[in-house]
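Pulled from Swiss-Prot:
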ACT_SITE  Asp127  active site, proton acceptor
BINDING   Gly11, Arg72, Cys73, Gly102, Asp103, Gly104, Ser105  ATP binding site
BINDING   Arg21, Ala22, Val23, Val24, Arg25, Arg154, Gly185, Ala186, Glu187, Lys211, Lys213, Met214, His215  ADP binding site
BINDING   Asp103  Mg(2+) binding site
BINDING   Thr125, Ile126, Asp127, Arg162, Met169, Gly170, Arg171, Glu222, Arg243, His249, Ile250, Gln251, Arg252  substrate binding site
Amino acid sequence: MRTIAVLTSGGDAPGMNAAIRAVVRTGLEKGLKVMGIQRGYNGLINGEIFEMDTHSVSDIIQRGGTILRTARCEEFRTEQGREKAAKILKAFGIDGLVVIGGDGSFHGAQLLSKLGINTVGLPGTIDNDLAYTDYTIGFDTSINTVLDAINKLRDTSTSHERVSVVEVMGRNCGDIALYTGVAGGAESIIIPEKEYNADKLCKQILQGKLKGKMHNLVLLAEGVGGANELAKYIEEVTGIETRSTILGHIQRGGSPTCMDRILASRMAYKAVELLISGKSSRVVGIKNGEIIDMDIDEALAVERSFDQELYDIATILSK
């Protein structure tokens, strides 16, 4: 192993820069040449590859986003596109590739490994939707961003004695809504993993008002969607003024938290070690506080277990 490269793919997540920094500095310390690939698989196919040194990653650990940029790539979805990518990696003398991203990015790494490229994946996604790992890079920062937002929304909702419906990210995984719902004291949490009934929700809101609640906070994962429609329905049924807020891409930005910086650094260090040891088609994660690695195929096949206990706690504490 003489030369490794790193790319970021899919949606950006706070902590990606910390991971890039750790890959570069660990690789250099181990005597490797480290290359950066811009704009994910799209940049790989277009040959947007450059050599990195310690100065390339100076003063980036505190920055959100990714200095390598990220982009979608339709061409990489084709066999010809992947073969072109593999040839370019070999032409640059790259022996190993670290891919930072979500499940789609991992599928790409998996396919490249079948073309003879040593690959290791790092989980970089705010959704926390990769089942093989307890946490993904970016999740902690995202939930703290959301928590700050709902704290402010609670202030104005209380002042006006209204219902606030807040839509957060999470298509198939409701962890952002669940975690921030518990931490933010939400009265209702609506996530893809659990069915909900709008009429039952309205009844709960009315019961809360009878108990003296001055406001009501409803957290809604985008996988369920329809925050504007739900807010309108709640107001029609209950007669209580209701406002909707869709937080959107603000959840992906911002300086990463201490946890995300440390998690990214530990995972990236492990990724370089795996490549040096000759391992390929692996992903890195964290389980019970320990950094782990496993086969990409096995990782992608792991079924996600829903945290029923946390959901039950949220239900009890919201009453």
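Here the Cβ of each residue, glycine as well, is placed from N, Cα and C on the backbone.
Nearest by CA distance to Cys73 (ATP binding site), out of the binding-site residues Val23, Thr125, Met169, Ile250, is Thr125. Distance between Cα atoms for Lys213 (ADP binding site) and the residue listed as 'active site, proton acceptor': 31 Å, as a whole number. Look at the binding-site residues Cys73, Met169 and count other Cβ atoms within 10 Å of each Cβ; Cys73 has the fewest. Met169 (substrate binding site) sits 17 Å from Gly104 (ATP binding site), taking the CA atoms of both as reference points.
Straight-line distance linking the Cα atoms of Gly104 (ATP binding site) and Thr125 (substrate binding site), rounded to a whole number, equals 11 Å.
Taking Cβ-Cβ distances under 8 Å and a sequence gap of 6 or more within the same chain, the neighbours of Arg21 (ADP binding site) are Val57, Ile60, Ile61, Ser265, Ala268. On a Cα basis, the residue listed as 'active site, proton acceptor' lies 8 Å away from Arg171 (substrate binding site).
Here Gly11 (ATP binding site) is positioned 10 angstrom away from Asp127 (active site, proton acceptor), judged by their C-alpha atoms. When the alpha carbons of Gly102 (ATP binding site) and Ile250 (substrate binding site) are compared, the span between them is 19 angstrom. In this structure the C-alpha atoms belonging to Gly185 (ADP binding site) and Ser105 (ATP binding site) are separated by 34 Å. Highest local Cβ density among the recorded positions Asp103, Asp127, Glu187 belongs to Asp127, counted as other Cβ atoms within 10 Å over all protein chains shown. Of all the binding-site residues in the list Gly11, Arg25, Arg72, Ser105, His215, the shortest Cα-Cα distance to Ile250 (substrate binding site) is found for Gly11. Here the candidates are the binding-site residues Arg72, Ser105, Thr125, Arg243, Arg252. The one whose C-alpha lies nearest to that of Glu187 (ADP binding site) is Arg243. Note: the CA-CA distance between Asp103 (ATP binding site) and Arg25 (ADP binding site) rounds to 26 Å. Listed in sequence order, the residues Ser9, Gly10, Gly40, Gly101, Gly108 complete the 8 Å Cβ shell around the ATP site centroid, once Gly11, Arg72, Cys73, Gly102, Asp103, Gly104, Ser105 themselves are left out.
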